[in-house]
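Novice: Take this structure, written in structure tokens, and hold onto it; I'll ask about it next.
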Amino acid sequence: MKAHVAVVGSANQDLTTYTAVLPQMGETVTGTTFATSCGGKGSNQACAAASLGLTPVTMICRMGDDVFAKDLLANFKKKGVQVDEETTILQGISTGVASIVVDTKTGDNMIIVTPGANHEMKARDVERSLKRLAEKPAAVVVQLEILKEAALAALKTGSELGAITILNPAPAPEAGVLDSFYKYTDIIIPNETELRKICGVAEDANDGSGMEESLAKQLLTDSGVKKAVIVTLGARGAMVVARDQEGADGISVSYVNQPDDLPCKNDPIADTIGAGDAFCGALAAYLSSGVGLEKAAARACGFASMSIRRTGASYPSPDEIPDCLKDKSAVDG
């Protein structure tokens, strides 16, 4: 039996408008195209993990009894993500929705999320769903578009089951909110903005080029996170700050990026929606398959790079994955 990835999080319908100019406050602009797609950070991460074809993936979420849920369920089935429909669909409430505007020139985006059914998933629901899985998960992945108590229950239950617990702190809360989460978290994956926010540092603060490294080390040292802080850095890849008895102060720092021989690395960027989710889902799949932390992070950078060459939170299928992202010789402990 292959190792199993369980993703606990949000499932949304994305309503995306593409425009040449993002609107300012009080301004109306004309869009160029409009598209609907399946999204939500949890859904994206589950689909990303499943897209690699390395491990079975289960999505634990809540949706309403509406057309958006039908689209999401069909997408999960297409991507090979397992969903327990009996516990997932709720009557009398809407599925979560994300309203997205994308700048067609830069790929930058603005997003408003209406949680809907995502906020109906309680801590007891998460615990029950994880414990009833036919196979214990090798990794449990969590984000913060669901209720905080549900996210905490996912990490705690995952830890009790012996899984690698991965927290993507997005949307990022204020400093201190996650203090009770860290002792159940093996790996936390913020981007640069999220790292500053959860560490209580002003977004415009600048202590030099090493600020993120210093904050990541501090977070790992002071918080109780058990294994690593991985900071996603956009085009610069990712920084892996891990507990390491041989490193200075018991910590090692490495910077990784997409493989040099990734076929699409010089292709134009379509948009960046779901890139962070691609990284998180891919990392979970690689780690569950026995790939070491740094190699898993580098490959996850490559998978995320592939995702931004297409519109929306859209991920390559297993037969589209290049050899540099699936070389068996790179598998280790």
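The backbone N, Cα and C atoms fix where each Cβ goes, and this holds for glycine too.
Please treat TrEMBL annotations as automatic predictions, because they have not gone through curation.
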Novice: Taking ASP244, ASP249, ASP277 as the options, which does TrEMBL list with ASN12, GLN13, ASP14, GLY40, LYS41, GLY42, SER43, ASN44, GLU145 at the substrate site?
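Specialist: The one candidate that TrEMBL places in that substrate site: ASP277.
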Novice: Among ASN118, ASN191, which residue does TrEMBL annotate as binding ATP at the site that also has THR232, LEU233, GLY234, ALA235, ARG236, GLY237, GLY276, ASP277?
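Specialist: The candidate from ASN118, ASN191 that TrEMBL ties to ATP along with THR232, LEU233, GLY234, ALA235, ARG236, GLY237, GLY276, ASP277 is ASN191.
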Novice: Which whole-number value in Å describes the distance between the Cα atoms of ASP14 (substrate binding site) and GLY237 (ATP binding site)?
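Specialist: Between the alpha carbons of ASP14 (substrate binding site) and GLY237 (ATP binding site) there are 26 Å.
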Novice: Cα distance, LYS41 (substrate binding site) to ASP277 (active site, proton acceptor), nearest Å?
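Specialist: With the alpha carbons as reference points, the distance is 6 Å.
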Novice: Long-range same-chain neighbours of GLY237 (ATP binding site), Cβ under 8 Å, sequence gap at least 6?
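Specialist: When sequence neighbours closer than 6 are ignored, GLY237 (ATP binding site) has TYR255, VAL256, ASN257, GLN258, ALA298, CYS301 within Cβ distance under 8 Å.
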Novice: Rounded to whole angstrom, what's the largest C-alpha distance between any two of ASN191, THR232, LEU233, GLY234, ALA235, ARG236, GLY237, GLY276, ASP277, listed as binding ATP?
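Specialist: Taking every pair among ASN191, THR232, LEU233, GLY234, ALA235, ARG236, GLY237, GLY276, ASP277, the longest Cα gap is 16 Å.
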Novice: If you average the pLDDT over the domain 'Carbohydrate kinase PfkB' (3-319), what number do you get?
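Specialist: Over the domain 'Carbohydrate kinase PfkB' (3-319), the predicted model scores a mean pLDDT of 90.
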Novice: For the substrate site made of ASN12, GLN13, ASP14, GLY40, LYS41, GLY42, SER43, ASN44, GLU145, ASP277, how many Å separate the two farthest Cα atoms?
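Specialist: Maximum Cα-Cα distance: 15 Å.
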Novice: Do you know which of the binding-site residues LEU233, ALA235 has the most other C-beta atoms within 10 angstroms of its C-beta?
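Specialist: Answer by Cβ density within 10 Å: LEU233.
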